[in-house]
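Asks: Below are the features I grabbed from TrEMBL:
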type	residues	note
DOMAIN	43-309	domain 'Ammonium transporter AmtB-like'
TRANSMEM	53-71	transmembrane segment
TRANSMEM	78-97	transmembrane segment
TRANSMEM	109-131	transmembrane segment
TRANSMEM	138-159	transmembrane segment
TRANSMEM	171-189	transmembrane segment
TRANSMEM	201-220	transmembrane segment
TRANSMEM	240-259	transmembrane segment
Amino acid sequence: CFVWQIAMIILFGVFIRYDEESDAHWAEYRKEHNITSDIENDFYFRYPSFQDVHVMIFVGFGFLMTFLKRYSFGGVGFNFLIAAFGLQWALLMQGWFHSLDPATGKIYIGVESLINADFCCAGSLIAYGALLGKVSPVQLMVVTLFGITLFAVEEYIILSLLHCRDAGGSMVIHAFGGYYGLAISWVLYRPNLRQSKRLNGSVYHSDMFAMIGTLFLWMYWPSFNSAITDHGDGQHRAAINTYLALASSVLTTVAISSMPQKTGKLDMVHIQNATLAGGVAMGAAAELMISPYGSLIVGFCTGIICTFG
């Protein structure tokens with residue numbers, strides 16, 4: 001970690017600079033572009049959403065990882081570690097692919113860059129969910145290093161070359177993170193891992209802490225899907241569509257989860273994960289005119305699929 005942080009300091013010193021809206025020359029830039037007030041700085045539009053996304057990354061995903069009965073400290077602690085490393089590497093990788101100034105060779109960052117870096121980390125954190133208890137901190141750092149590098153490549157292909165719309169990252173973040181985690185899990189598989197299968201479960205208090213993570217993710221997912229959409233009706237619509245899809249997926253998940261149980265009890269694995277399916281699925285279509293009832297249908301269908309899955 002020490003060596004990698006030194007490497008980050010050197011790379012940031014060489015490549016990273018403030019963009020025009022966070023630089024000390026903002027006052028001059030404002031006059032040149034006839035901007036009448038500081039309130040038009042992108043910071044005031046994006047920072048509330050950035051804070052919501054940031055809470056999702058460190059608190060939401062972190063506590064969701066505490067469901068294992070013997071890995072709660074590692075779940076939330078290593079989530080903290082790889083997110084803190086990942087966001088630094090993400091600023092570099094996404095900068096090289098998306099915002100490198102050919103004239104100066106520098107990457108200029110602002111508040112939107114921070115949001116995108118958090119998005120990039122989310123892919124690695126989703127992959128981490130498939131590796132809980134199987135890897136060391138050093139291995140996690142390596143997995144994060146390669147994961148964010150691959151994320152930047154596939155994001156460039158999907159968004160810049162294919163021009164797909166994916167405001168909430170259904171394809172770029174969630175699909176990538178899931179398949180990347182499964183691939184790493186397959187590579188790291190060892191027959192003797194079966195001996196610890198008894199630890200692959202939860203207890204009352206670990207499920208309770210994981211539920212805290214679910215609630216934070218559920219509450220802030222509308223911000224996640226609308227954070228980097230264009231100002232105006234698209235951003236407004238993305239929040240509404242996600243809000244409705246999430247609500248629909250909760251009711252559907254509760255209904256489906258209780259069906260197989262003779263006592264009518266709910267499965268906490270379903271409640272912790274399938275209730276978020278509406279937000280995940282809505283990511284690719286959040287800003288589209290799918291209508292409010294369409295959002296409810298998305299949440300309904302994904303709640304069923306995720307619970308049975």
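Positions of Cβ are set from backbone N, Cα and C atoms, glycine also.
Computed from a predicted structure; not experimentally measured.
Are these features on the surface or tucked inside, and what are their neighbours?
Replies: Same-chain residues lying 6 or more positions outside the transmembrane segment (78-97) and placing a CB less than 8 Å from one of its CB atoms are 1, 4, 8, 11-12, 15-16, 57-58, 61-62, 65, 107, 109, 113-114, 116-118, 120-121, 124-125, 128, 137, 140-141, 143-145, 147-149, 151-153, 155-156, 160.
Beyond the ends of the transmembrane segment (171-189), by six or more residues, the same chain brings 119, 122-131, 134-135, 139, 143, 147, 150-151, 154-155, 158-159, 164, 280, 283-284 to within a C-beta distance below 8 angstroms of the stretch.
For the transmembrane segment (201-220), the residues of the chain that approach it from at least six positions outside its boundaries are 52-53, 55-56, 59-69, 72, 246, 250, 268, 271-273, 275-276, 279, judged by C-beta separation under 8 angstroms.
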Asks: Under 8 Å between C-beta atoms and at least six residues away from its ends: which parts of the chain pack against the transmembrane segment (53-71)?
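Replies: Contacts with the transmembrane segment (53-71): 78-80, 83, 115, 118-119, 121-122, 125-126, 128-129, 132-133, 199-203, 206-207, 209-210, 212-214, 216-217, 220-221, 223-224, 227, 268-269, 272.
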